[in-house]
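A.B. asks: In case it's useful when we look at the structure, here is the feature table from TrEMBL:
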{"type": "ACT_SITE", "residues": "B:Glu491", "note": "active site, proton donor"}
{"type": "BINDING", "residues": "B:Trp364, B:Asp365, B:Lys594, B:Gln595", "note": "substrate binding site"}
{"type": "DOMAIN", "residues": "B:18-273", "note": "domain 'Glycoside hydrolase family 65 N-terminal'"}
{"type": "DOMAIN", "residues": "B:691-752", "note": "domain 'Glycoside hydrolase family 65 C-terminal'"}
{"type": "REGION", "residues": "B:758-783", "note": "region 'Disordered'"}
There are 2 protein chains.
Amino acid sequence: MTTGRAFTVEPWCLRELSLDLDTIAQSESVFALSNGHIGLRANLDEGEPHGLPGTYLNGVFELRPLPHAEAGYGYPESGQTVINVTNGKLIRLLVDDEPFDLRYGQLHEHERNLDFKDGVLRRNVTWTSPAGRTVKISSTRMVSFTQRAVAAICYEVEPVDGAARVVLQSELVTNEQLPDGSADPRAAAVLEAPLRPEHNGVSGERGAVLIHQTARSGLRVAAGMEHRITAPDDVNLHMTTESFDDLARTTVTTVLQPGQKLRLVKFLAYGWSAHRSVPALRDQVAAALAAARFTGWDGLLAEQRAYLDEFWRGAAVEIDGDTEIEQAIRFALFHVLQASARAEERAIPAKGLTGPGYDGHAFWDTEIFVLPLLTYSVPEAVAQALRWRYNLLPMARDRAQQLGLAGAVFPWRTIRGEECSGYWPAGTAAFHLGAGIAHAVVRYVKATDDRDFEREIGLELLVETARMWRSLGHHDTHGQFRIDGVTGPDEYSAIADNNVYTNLMARRNLFAAADCAERYPHEAGELGVTVEEMATWRDAAKAMTIPYDETLGVHPQSEGFTSHEQWDFEATGNRYPLMLHFPYFDIYRKQAVKQADLVLAMQTCGDAFTPEQKARNFAYYEAITTRDSSLSASTQAIVAAECGHLDLALDYLAEAALTDLDDLHSNTKDGLHMASLAGACLALVAGFGGLRDHEEGLSFAPRLPRGLSRIAFRMQVRGHHLRVEVTGEHATYTLDSGPRIPVLHHGEKLVLSAGEPVTRSIPAAPDNPVPTQPPGRAPRRRQ
Amino acid sequence: MTTGRAFTVEPWCLRELSLDLDTIAQSESVFALSNGHIGLRANLDEGEPHGLPGTYLNGVFELRPLPHAEAGYGYPESGQTVINVTNGKLIRLLVDDEPFDLRYGQLHEHERNLDFKDGVLRRNVTWTSPAGRTVKISSTRMVSFTQRAVAAICYEVEPVDGAARVVLQSELVTNEQLPDGSADPRAAAVLEAPLRPEHNGVSGERGAVLIHQTARSGLRVAAGMEHRITAPDDVNLHMTTESFDDLARTTVTTVLQPGQKLRLVKFLAYGWSAHRSVPALRDQVAAALAAARFTGWDGLLAEQRAYLDEFWRGAAVEIDGDTEIEQAIRFALFHVLQASARAEERAIPAKGLTGPGYDGHAFWDTEIFVLPLLTYSVPEAVAQALRWRYNLLPMARDRAQQLGLAGAVFPWRTIRGEECSGYWPAGTAAFHLGAGIAHAVVRYVKATDDRDFEREIGLELLVETARMWRSLGHHDTHGQFRIDGVTGPDEYSAIADNNVYTNLMARRNLFAAADCAERYPHEAGELGVTVEEMATWRDAAKAMTIPYDETLGVHPQSEGFTSHEQWDFEATGNRYPLMLHFPYFDIYRKQAVKQADLVLAMQTCGDAFTPEQKARNFAYYEAITTRDSSLSASTQAIVAAECGHLDLALDYLAEAALTDLDDLHSNTKDGLHMASLAGACLALVAGFGGLRDHEEGLSFAPRLPRGLSRIAFRMQVRGHHLRVEVTGEHATYTLDSGPRIPVLHHGEKLVLSAGEPVTRSIPAAPDNPVPTQPPGRAPRRRQ
């Protein structure tokens, strides 16, 4: 089944049946392959045409100056930008001396297929050259989950209608020319030729290696390739390999008869380091290639499949009634896995490794959107991601000191750990990031019971963020603890007092730090924590200011927010996103919301609001939220579901899930929106599943919209699998193994035992008036 | 009498008795000459050594890109920077082939003297060359108030102890090499060789002309010189003049016997235009030189003296008890006159034309500090300055439209009129600027009764600023009119709601516009003003929100300000100004004040506060104001005096008056602080004279501090001179001519008739507790 869209609707893959050159950059993002360590955009094997060539290595960046029209104390002067490293995906083909280029000749078939179970990108092409020779080409590309330094491509070519002289050039190309940059602040800075050659050589089995170094960040990058070539026995092959500064090339030349197939398997390996020498990296890449060759192409495929079988066993999602959404959610899960699986003490960037958007930086949304999903599906990736934050602590302490604060201040946006935000009102001032990290620690420990992690990693993160909050806030004359002049999640407000999200999250952070220090008094003592300090954390948390507008009966997003002028949405027309059409000064001082802020507070700290407050707040903020941020829809879906707006919740879930597949923000070309993809999955689990992990423990409040007849999802809790199945009337909870666990079902306490499904009926949804959105900003109706 | 300072204390001049190379850049600023049209820094005649070479023409600038680390809608992309134009001050001297350079040989005498009555800078030097020949050199330099395109120098050299071969090179030099720029955001951007040669030629009487154009701003600049040379009859002179792209040079060679004097009078003229051609500018300069030559050196001197006699007749200030302050106030008056006398529909920049600080930009402080002084001393300069704003209206309307506002938004900082602020929270958001302009219009019209100006210029300025306020603010649900998300005068807060200064000034602006439109219904109608629109202005003004903290009994500077954390002044040490040592995020969210904000509101809108509120507010803000801005002390002086803190007021007056003479902000090298100089004069007149021009008309409330036994000042009111003399016990008001005018003396209504002095006794000062300042930030005690 196909829709009017680019992709067919199928449950376990994403398939494109033809190539649209106008949207090629978008397709390069959605078909991108990654394991969190290496990322390959889905550039065509032959390199061109392309939207944006991209090969990324987690943590490889170049520095660039951050210019300021007017300088200020503490402004970062240097930014970090992800760079396109040596491209190993390239396999050029000549047919009778004509380069295979889709823009010439005749294209009969062009299909690409990202397989969520096999973890590979397949491509099938039938093409007639301008001279009239028809060939079939197929390729299968993978980035290995099991061998993290390795990618591989199997490329086959076969003439259809007559003998053809075929030349394959399998290459490593460094410093590819990139398209010009964009003025959109969300796009990346473009750096010309960021890699300086250090070493090149031919080696191994039809292999070569190129080693480069970045000029300013001093990172050394090695890329190696080796090949296995298969052809019918009677075919005469000529093969050469050569290497230069920015190019290594293995050339295979032959003549094929119709039906004869030339098959080239290309093993790719990358190594990079800020410290290791040229010989060390050369050997590291050679070793990775040796291991890959030993495993073999089929072996790599089998490992990949086994890895994904295990993943889906713990994270499977079924949705009856909307296959497109089911596909989109699986697409989302697959990409979130790709972004995080092997990130291993490096960042999970906002775009994963699918594109250079936001300069390849990681932000707060990793902890708030991506890690909650991973906590219940790939918990070990959460531990790794938080270890990365832990490793940043020395830098974060320095930054806190520079800002006059105690504890640690994590960077708003970064690759290596230094603050790279060039606009402090929406960067430095967004201190809520720290509480998001603390929140992720608490959630991970609760879900896994990983006490070693809590003691070794979690405690210090909690303590240092709590210290930051304690020094950032102060008590007023009435004894209330205030946090003034900060920016909450909503980027259409800035530098406000007592942002509710920030204060609630800070409160939880302070309590959690005190509780954790109490559990590990010895380790806390080593961090200098005293009982007096713990008392000041608890005191501040208890006295935390949470503004409330008694007249309207809603929480102002920040103090005074509800007194501000209403944004004139009627006059706005289609000038969205607002930030590209209106000045910040105007946006900040009016009631216009880019992304759910108070609504996010009601999700993450839902136990701080009554159901009536939630309903009123949700309706109030629905009317003024533009969803100009891709971080918005999933949160709105979750709270809409809780407030009984189930159809609306489905609309928002669909918006989050289709953000990239339908290119809703017109910038999927720069990479996928990882947080939105993760958020779509959360919208299912926390929205229609009603999952919460507040103080009272794991709770569910499942309810389906009219458009879905059944959903089922699996999650890992303390190493065991919990399956939740929801229909219109009932919910069934099944624990596969392990000790009994208590959960709440719509407030009713259940105790789940392994292998004993528990079914409960679903109470009627609360009946709140359907809220409205700003004119023209209602989500696309799902049905 | 001399002090330990650089300058002698004398009532009518500023004299320096020796040259300190370490502070030469500061002296170049304080001895600078200008008429508001041309500005010459006091670089030595021979060019070197120098601190910062500077020749400025009002309105001549170059464009430079304004880089933004993260771009945003409506950010200006191009800045304007004042440039050092062709230097015509240069007269190099060789004595027996040794260049006269103070760094070599022996300097016996070096005196410079800026004469406030003659309006010239005199220099006397006795120097022995390294080879042992002693010469006396004297020069007198002027920038003519009466011939605005003209400057002139009379240079004399005379051997003392033996015959000397003397060579004078009188030059025009373009694109002088400048010292490297500074990281201080208050300094200027340095542009290399901004002028491109277009024409050079030898002409007239030992004259030459150079014409250049700026590359990006497209401004054409012509500089011309001519000379008159006088020597004893028996002296043989050889003279040549030559010209090149960036250099024109007249050379005079002779041999002088001891006692024989060679005298060179150099007439300089400048012309510049964005539109006029090379021939037109060449002829314009030639014409100005012809007029100057016709007037002659002695004639120029006489005109200058006559101009200043007239100025001092209307603006004379006498202070008994503190000659240093008397001198400083006259110095201040003289420089404010120099900055504004002939600006004529161009800006009065923050530094006048004395240096490149703040890129040569004009800010809000022209209207708030400089124009109040000029209104009562050089009212025609006020009309000219406001005409400049009037001419900017088309640009200001465009800017308002870009920002989504009605009416006109004037640039926070500019030379030609475009917004050049690279940091919007302290630029665009500081909308109070518009009310400052309106305020200046109202004050000027009240003081001069210039109804033509009011109808032709003032009305439109009032209407367009009122429209801006009406669209910037909004009514809340309680019917209060709020102005949210703006920045008041204090630059240590930003983007706050209902800044009291802003709201009070906006209120006055709205009322004034409605009243003025009512006076000129026909002209207002042509501007599209309806009675309904006028009603909305008055309605908004009446409903204006003025926040008040009932608990503390003080006005918060902005809503919520008094709830913010107190700045930890104890821990601050000597890390002032705060903005160079702490991040904005930290400064903005705490109670630390850079410059009087609420206190300025109590000065400009004093009728909105009770005396008790003023006393409490003043004490509150005294304790948290750092005076990191040179705009602070004068305002604090005025309100301190009103609150009865007369000695403190004198301390602040002295601080304002000595800002540049004592280089209190360590940046006088970049130019004088015009607003602080004007503010010092205001501190005298509005502080110890108690002058206010609120609704009730001209009022005085004179009172002297213990340190002063008598002050007297003159001011122009409706074209007539009013003299106010104050002693410890009495005040005497004398009107020199014209119809009767009513004034208030400490609330008592007096009617003054020409030639009939009225004397009244001075009531006791209010007895308020002496306020304190942040530790280490108390002003220097005057006695």
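We number each residue from 1, going along the chain as drawn.
Backbone N, Cα and C atoms are what each Cβ position is placed from, and that goes for glycine too.
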A.B. asks: Where B:Trp364 (substrate binding site) and the residue listed as 'active site, proton donor' are concerned, what is their Cα separation in Å, rounded?
C.D. replies: 13
A.B. asks: Listed substrate-binding residues B:Trp364, B:Asp365, B:Lys594, B:Gln595 - what's their greatest C-alpha to C-alpha distance in Å?
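C.D. replies: Largest pairwise Cα separation, rounded: 16 Å.
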A.B. asks: Hey, how far is B:Lys594 (substrate binding site) from the residue listed as 'active site, proton donor', Cα to Cα, in Å?
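C.D. replies: The Cα atom of B:Lys594 (substrate binding site) is 6 Å away from the Cα atom of the residue listed as 'active site, proton donor'.
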A.B. asks: Residues other than B:Trp364, B:Asp365, B:Lys594, B:Gln595 within 8 Å, Cβ to Cβ centroid, of the substrate site?
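C.D. replies: In sequence order, the nearby non-listed residues are B:Phe363, B:Pro489, B:Asp490, B:Glu491, B:Ser629, B:Leu631, B:Ser632, B:Ala675.
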A.B. asks: Roughly how many Å lie between the Cα atoms of B:Asp365 (substrate binding site) and B:Glu491 (active site, proton donor), rounded to a whole value?
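C.D. replies: Given the Cα positions, B:Asp365 (substrate binding site) is 13 Å from B:Glu491 (active site, proton donor).
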A.B. asks: How many helix, strand and coil residues does the region 'Disordered' (B:758-783) contain under DSSP?
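C.D. replies: Helix (H, G, I), strand (E, B), coil: 0 helix, 4 strand, 22 coil.
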A.B. asks: Would you list the DSSP helix, strand and coil counts for the residues of the domain 'Glycoside hydrolase family 65 C-terminal' (B:691-752)?
C.D. replies: 0 helix, 35 strand, 27 coil
A.B. asks: Could you measure between B:Gln595 (substrate binding site) and B:Glu491 (active site, proton donor) for me? Cα positions, answer in whole angstrom.
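C.D. replies: Taking the Cα atoms only, B:Gln595 (substrate binding site) lies 7 Å from B:Glu491 (active site, proton donor).
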A.B. asks: Validating a neighbour-count step here. Other CB atoms within 10 A of the CB of B:Glu491 (active site, proton donor): how many?
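C.D. replies: Other Cβ atoms found within 10 Å: 22.
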A.B. asks: Could you tally the C-beta atoms, other than its own, that fall within 10 angstroms of the C-beta of B:Asp365 (substrate binding site)?
C.D. replies: 24
